[in-house]
């Protein structure tokens, strides 16, 4: 092989090697560029997602307090808290606090019930500034908006939500009357066991406890709607959770016909432990509205399903009343989901929900009494 042929061959090999190196470097650069582009694209997606979630959160917050974020409302509130007056109207609570701060012991002593419900200068200013803004909105053809997360209600005397209070008291009365008639039926009209003079009905003690929890729940509901305070809110929520939880226990024991005491304890113990933990969490750690709504909704739906299935499958003579209560309660729960402002400042969706439960409570206790008669009749036949 000649010298020029050898040199030509070496030159070709060098060119091939250089081309391969360029391709490798180019491939690495392309890979790095593609990886960086992918990372940048992924980061941009996450940034957009985070921004969108934050935007929705801020919008939700703004919608929840659109009234109290209004500059006119804020200026009214600042003026009222500084002077104790809105226009020509002045408030005793603001003036008495000013007198007390300037002259020591010359503050005006309010009645005990006014001290208990805590209508102070700030709450009076918030309420009357809210009314001023709502009058302006009405003149402009605008609808009501929420202030500090709540709809604008008109007070009657010192009662914050008068119609909800009235309906809560009516529900309490219906439970009381239903319980009294249930006790009268058990101990005066139905036969008692000859040995211990106790009712034949195996679930009587459970319904006694249920009645006490129901009356307690509606009592604190009335108090909470009279005056929305941190203490009254926690008592209302805790009482309602206890009622729903015990109602679920009763539903399980009755629909599955659990009569043995040991079996009842095994069913009730974990549920009571859960309810106690949840109530302590709400009162002493965090009043989590979202979590509490999920817990209450789960317990409510569970017992409605149990009663509905049992009522549909059993041959109970009063299953019609039971199914009416189940369907009516299910429809009434929609009022809690569909929130609308109070009509004329008095009746909102929550107040209507309280109103619908009044006739349902009457039917519910009517079913309980029928169930006591049905079970007592069956047991006395077996004894004979």
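Even glycines carry a Cβ here, placed using N, Cα and C.
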Problem - The annotated transmembrane segment range in TrEMBL, which must be one of 5-24, 25-44, 45-64 - result: 45-64
Exercise for the section: Tell me, please, if the transmembrane segment (235-253) and the transmembrane segment (322-338) are in contact, taking contact as 3+ Cβ pairs under 8 Å between residues separated by 6 or more positions? Expected result: no
Practice task
For the transmembrane segment (350-368), could you work out the same-chain residues 6 or more beyond its ends whose Cβ comes under 8 Å from its Cβ atoms?
Solution key: 161, 163-164, 167-168, 170-171, 174-175, 177-179, 181-182, 207, 221, 318, 321-322, 324-325, 328-329, 331-333, 335-336, 339, 342
Handout entry: Long-range Cβ neighbours of the transmembrane segment (291-310) (under 8 Å; 6 or more residues past either end)
Key = 237, 240-241, 244-245, 247-248, 251-252, 254-255, 278, 282, 322-323, 325-326, 329-330, 333
Handout entry: Long-range Cβ neighbours of the transmembrane segment (200-223) (under 8 Å; 6 or more residues past either end)
Key = 164-165, 168-169, 171-172, 175-176, 178-179, 182-183, 186, 190-193, 232, 235-236, 239-240, 242-243, 246-247, 249-250, 253-254, 259, 354, 368, 371-372, 375-376, 379-380
